[in-house]
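Comments concern the structure below.
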């Protein structure tokens, strides 16, 4: 478990919440994602075949969106796109990272605008996930979304999952979340159902709105950022709200949202 050193300011507002503040790195209470689906889900690695230490999402053929926190753990050297597994090279693509760029408004002390873009050495053959509308119309409090990653499947003292996992979590409005955490408009909260959460082992995991039968209609709503404890009843996790970063993403990737 990594205690979040950048959230000291946020901790002042957490008197009502028990537990320590941890980077969101676990898929708790979920199930295995079918092989060959959610291929935009990306593992971030130090070596081509090593364990993913963070997650992200393919948002253009040559760019992966993750959290700024993930660029601070250790330098992202490779991404694994379209793979079902936490490590190895038996499926998907392993592509070298040539540069990493944090959001221009990122504030590590408050985890505000917790975004980073990784530029890849070559284009991925997999389809990028759709980005949300910048007017925030794709997010409605009370809707159900899915978060996916390779983090621990139990808490505490869990072990990493070898296979991509996902779990359904409910979106909160920021007013309710602000009663528990210090959040701004670059964040969105989701979760709160007992034992169903993102937690220890996979910061940057995709929070996705499923609109149709297939992955082509999925929309990237958020990226797993931080929280307090894992799977506690009535306590959500905090995600980076992707709709607030569309202009910056477009400026870096040079790809216009269709």
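Glycine is treated like the rest: Cβ placed from N, Cα and C.
According to Swiss-Prot:
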- 54-70: disulfide bond (DISULFID)
- 177-189: disulfide bond (DISULFID)
- 199-230: disulfide bond (DISULFID)
- 27-254: domain 'Peptidase S1' (DOMAIN)
- 87: N-linked glycosylation site (CARBOHYD)
- 102: N-linked glycosylation site (CARBOHYD)
- 107: N-linked glycosylation site (CARBOHYD)
- 157: N-linked glycosylation site (CARBOHYD)
- 185: N-linked glycosylation site (CARBOHYD)
- 1-19: signal peptide (SIGNAL)
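Location within the structure of each feature annotated in Swiss-Prot.
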residue	record	Cβ contacts under 8 Å, 6 or more apart
54	disulfide bond	43, 44, 66, 67, 69, 70, 73, 76, 202, 203, 204
87	N-linked glycosylation site	43, 45, 49, 50, 51, 52, 162
102	N-linked glycosylation site	68, 71, 115, 116
107	N-linked glycosylation site	113
177	disulfide bond	183, 187, 189, 236, 238
185	N-linked glycosylation site	174, 241, 244
Query raised in the report: If you draw a 10 Å sphere around the Cβ of residue 230 (disulfide bond), how many other Cβ atoms fall inside it, taking every protein chain shown into account?
Result: 28
**Report entry** Around the Cβ of residue 189 (disulfide bond), the count of other Cβ atoms that are within 10 Å
**Finding:** 27
Query raised in the report: Including all protein chains shown, what's the count of other C-beta atoms within 10 A of the C-beta of residue 199 (disulfide bond)?
Result: 30
Report task. Note down the number of other Cβ atoms within 10 Å of the Cβ of residue 70 (disulfide bond), including every protein chain shown. Result -> 26
